[in-house]
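Student: Dumping the structure here so I can ask a few things about it.
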Amino acid sequence: MQNFHPRHFAIVPAAGSGSRMGSERPKQYLPLLGKPLIYHTLSVLCAAPEIDKVFVVLSVGDAEWGRHDWRALGPKLVPLFCGGPTRADSVLAGLRAIAGEAVQSDWVLVHDAARPCLAPWHIDKLVRELAGDEVGGLLAVPVADTLKRADGHRHVAATVPRDSLWQAQTPQMFRYVMLRRALESATDVTDEASAIEAAGLRPRLVQGDATNLKVTYPLDLHLAEWILNNRTGVQQ
């Protein structure tokens, strides 16, 4: 029977090591305002009324998860210890793990564990704007800076026109079966939208904002802390 009321599942790949942070601890567990970084990410997803369940995909040997108390996030949160060596592997493993629960018409929102400044209005806007879309899409922001293409010696080879260029963010939201098939067929993709594009489809860009940053380098932790400390709960 067709599901006329599709559900929304979040998948958070969190099996990476975060080597660019220069820390022995995986970056998703680095402290941020007294909690693991990923706690802030999961908290927003679990509190979102649009989201039915939140699946966090961890590495098989993750020993850090059990050292923290996640009970305050409620029953929506489900850890899956099936992560792979790449983001795409982890997302695909998560999709396969929930095959008994998700149906073809359900939506899946994939969100970076290292984007702890996701806000409720980001989720609300994404879900509302993509509700009737045949493909799905992703949060993104127009590129503001001038871009330079470098040669092999770090000299400027060309200036890249920034017109029509967008910086991809997450969540990225697609139908369950469409996303699973795209990832099963794709090779060398860095995000879900790339896999959907490789399948010949065109994801929609939903404009987000710069506060939804990804923590990649140590300075980003300080920026994330500032954003969370100064957030009012009302979209600016």
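Backbone N, Cα and C define each Cβ position, glycine as well.
In case it helps, Swiss-Prot gives these features for our protein:
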type: SITE; residues: ARG20; note: site 'Transition state stabilizer'
type: SITE; residues: LYS27; note: site 'Transition state stabilizer'
type: SITE; residues: ARG162; note: site 'Positions MEP for the nucleophilic attack'
type: SITE; residues: LYS214; note: site 'Positions MEP for the nucleophilic attack'
Student: Pick from LYS27, ARG162, LYS214: which of these recorded sites has the biggest number of other Cβ atoms within 10 Å of its Cβ?
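Tutor: Buried the deepest by this measure is LYS27.
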Student: Can you grab the distance from ARG162 (site 'Positions MEP for the nucleophilic attack') over to LYS214 (site 'Positions MEP for the nucleophilic attack')? Cα atoms, rounded to a whole Å.
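Tutor: Between the alpha carbons of ARG162 (site 'Positions MEP for the nucleophilic attack') and LYS214 (site 'Positions MEP for the nucleophilic attack') there are 21 Å.
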Student: In the three-state scheme derived from DSSP, which category covers LYS27 (site 'Transition state stabilizer')?
Tutor: helix
